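Listed features, source Swiss-Prot:
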- 1-92: region 'Unknown' (REGION)
- 93-222: region 'Riboflavin kinase' (REGION)
- Gly102, Leu103, Gly104, Glu105, Gly106, Arg107, Cys201, Glu202, Leu203, Arg204: CDP binding site (BINDING)
- Thr131, Asn133: Mg(2+) binding site (BINDING)
- Thr188, Glu196: FMN binding site (BINDING)
Amino acid sequence: MVEAEDLQSLKTIALLGGCRGPIWLSSQSLGSVLGISPQTASRRLIALERQQFVTRSMKPDGQYVAVTREGEQALKREYADYVRIFNPDQRGYTLTGTVISGLGEGRYYMSIPHYKEQFGGCLGFEPFPGTLNIRLDAASIAVRKHLDHAGWIDVPGFTADDRTFGGARVLPCLIRGYRCAIVVPSRTHYPEDTIEVIAGCELRKALNLNDNDTIEVEITHD
């Protein structure tokens, strides 16, 4: 869990523009905004960098700080908590799309034992070695943008046999009563209209799905 003071500092850096790219930021200026000493501000920057929430670089005119993807995710998780507090009636989202054929990457990655163990540990089911690929309709593409604030689970990467495997994010969901999860590999950039879904069974066979069939994905939170 992120310490409250680190989260406060991270939020301040983001408000100053750190999510858009490196910004000039001295320890003294950060301390002035937060109402703390430059020494304390420096320690917080070091702590954020250690957690890989920010990057720091020195240039002739001073220090530049940028919020990383991990830092953005920490802020989005905090935002998701506030959504649950102030908008309790928003219990979930529904994505609608059509089934499409994938390129086989999902089958490969889901067949790697360490991936299967990690996904099984955080989702409560051992994933079938393959994914269901869905192309979203226009309305669901817009809905998908809100999912950045949903309850994603980070799955860390690992190294095996001198090869590095990237991490991923998974979002628990339901398809016609089957427990599933949307999976987004950290090293892959998918079009905004496409999602990959994993489950404990072969969804195509279990639900008798073919390419171009319409399907709904339900994402809920407590």
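These residue numbers are counts, starting from 1, taken along the chain as shown.
Any Cβ shown, glycine's included, is placed from N, Cα and C.
The model shown is predicted, which means the values in this text are computed figures rather than measured ones.
Taking the Cβ of Gly102 (CDP binding site) as reference, residues of its chain lying under 8 Å away and at least six apart in sequence are, in sequence order, Thr131, Asn133, Glu196. Summarised by DSSP class, the composition of the region 'Unknown' (1-92) is 54 helix, 15 strand, 23 coil. Residue counts for the region 'Riboflavin kinase' (93-222) under DSSP, split into helix (H, G, I), strand (E, B) and coil, are 33 helix, 51 strand, 46 coil. Within 10 Å of the C-beta of Thr131 (Mg(2+) binding site) we count 24 further C-beta atoms, all protein chains included.
When Cβ atoms from all protein chains are considered, those within 10 Å of Asn133 (Mg(2+) binding site) total 21, not counting its own. The Cβ of Leu203 (CDP binding site) lies under 8 Å from the Cβ of Phe128, Leu132, Ile175, Tyr178, Cys180, Val197, Leu209, each of which sits 6+ residues away along the same chain.
Long-range C-beta contacts of Cys201 (CDP binding site), restricted to its own chain and to partners at least six residues apart, with a cutoff below 8 Å, comprise Phe128, Tyr178.
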